[in-house]
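Copied over from Swiss-Prot:
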type     : residues      : note
DISULFID : CYS147-CYS161 : disulfide bond
DISULFID : CYS211-CYS212 : disulfide bond
CARBOHYD : ASN160        : N-linked glycosylation site
SIGNAL   : 1-20          : signal peptide
TOPO_DOM : 21-229        : topological domain 'Extracellular'
TOPO_DOM : 316-427       : topological domain 'Cytoplasmic'
TRANSMEM : 230-254       : transmembrane segment
TRANSMEM : 262-280       : transmembrane segment
TRANSMEM : 296-315       : transmembrane segment
TRANSMEM : 428-446       : transmembrane segment
Amino acid sequence: MELCRVLLLIFSAAGPALCYEHETRLVDDLFREYSKVVRPVENHRDAVVVTVGLQLIQLINVDEVNQIVTTNVRLKQQWTDINLKWNPDDYGGVKQIRIPSDDIWRPDLVLYNNADGDFAIVKYTKVLLEHTGKITWTPPAIFKSYCEIIVTYFPFDQQNCSMKLGTWTYDGTMVVINPESDRPDLSNFMESGEWVMKDYRGWKHWVYYACCPDTPYLDITYHFLMQRLPLYFIVNVIIPCLLFSFLTGFVFYLPTDSGEKMTLSISVLLSLTVFLLVIVELIPSTSSAVPLIGKYMLFTMVFVIASIIITVIVINTHHRSPSTHTMPPWVRKIFIDTIPNIMFFSTMKRPSRDKPDKKIFAEDIDISEISGKQGPVPVNFYSPLTKNPDVKNAIEGIKYIAETMKSDQESSNAADEWKFVAMVLDHLLLVIFMLVCIIGTLAVFAGRLIELNQQG
């Protein structure tokens, strides 16, 4: 029994040792006269065929200002090296090995539209080498590719970005690159919280440059159509701006007599200014175009400032008096006679339109109270009775009081008319500002939202 255990241990330890010996001998034989600077072809006129596949893992960042898209990818490359073939039976049945990528010839694929200066693919990974000479190399890479970011419809925008891959020194007669598929592999793609992939495709291009008009250079360009998820900007930017606009409209619902109209207007303006300073970093700072959200914020700012200016006019109208302003007939006709009837302002108390009698006293006055006699005693204003100094002074005093009361009544009626005009303006502007707020919001965003809905 003990002998069996000893033999079992010996054979189990010998297995890995034999495998290591076979792989070591295989590697020594393969690379004894191998040169990694020579293309693996039998005839120098032959081309090495390289199959390229792009696997997109993660969309890391989209920099709208610098127009750089950062992605995490795996670049799968397959080709056949005729100098690295072997018979598995000669090496203990070893059919594949993994060797450092620096030890073999590799196609010098680079990202043409790289934006950070590092054009090469990561080298510090191993390749899978099969006994047929087929090599599979899938290095990971962080690509920073240039992409023309169009912010016109931000945050309801779509961006069409690309990655252009090709060999740096080999033309199409020396190395032929073929796409593994017309679409990149997104089987391991991790969804972004800001972007969603709408479409993605790859195309192979034959390019002839001016320096070499007879020699083609090949590249594979992958295009990605990305659509931004706007929920974050709707909740944190658009809805607050909309609420500021509605609050601005309600300034005209506040009674002018309260004295708080300007306080509320200035408070809204200051709050909006602070809010814009906080969120300005969320908006792409580029001068190529004004984004939708920038237009809406500008609309909101103009909306608030316009309300302040109009509020000043309304307050000025409310406090006008006949001693400073005379109401033009057209103002009376429009704001007292016409608009209240059109807008159904039935709850408004209109100013008195009764015209006081121009005569303070008739020529015949009743002086029964003065004479002490019962019943009316018609007395001519110029009768001898009225020539009595005491009576005359009393009548003059009464006339002065009556004229003063008439003047005060006229002033009060005129002031009431101005206040009524201001009240009509408030009601009218409340309706107008609410409509402008809704229509302005729809005018800025509705067209783009309808377009995106039609695109599906």
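Heads up, the Cβ atoms here are built off N, Cα and C, so glycines get one too.
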### Task
Tell me whether CYS212 (disulfide bond) sits in a helix, a strand or coil according to DSSP.
coil
### CYS212 (disulfide bond) and ASN160 (N-linked glycosylation site), Cα-Cα, nearest whole angstrom
30
### Task
Give me the non-local Cβ neighbours of CYS147 (disulfide bond): same chain, 6+ apart in sequence, Cβ-Cβ under 8 Å, ordered along the sequence.
VAL62, GLN67, ILE68, VAL69, ASN113, GLN159, CYS161, SER162
### Message
A 10 Å Cβ contact count, applied to the disulfide-bonded residues CYS161, CYS211, CYS212: which residue has the minimum?
### Response
CYS211
### Other CB atoms within 10 A, centred on the residue listed as 'N-linked glycosylation site'
13
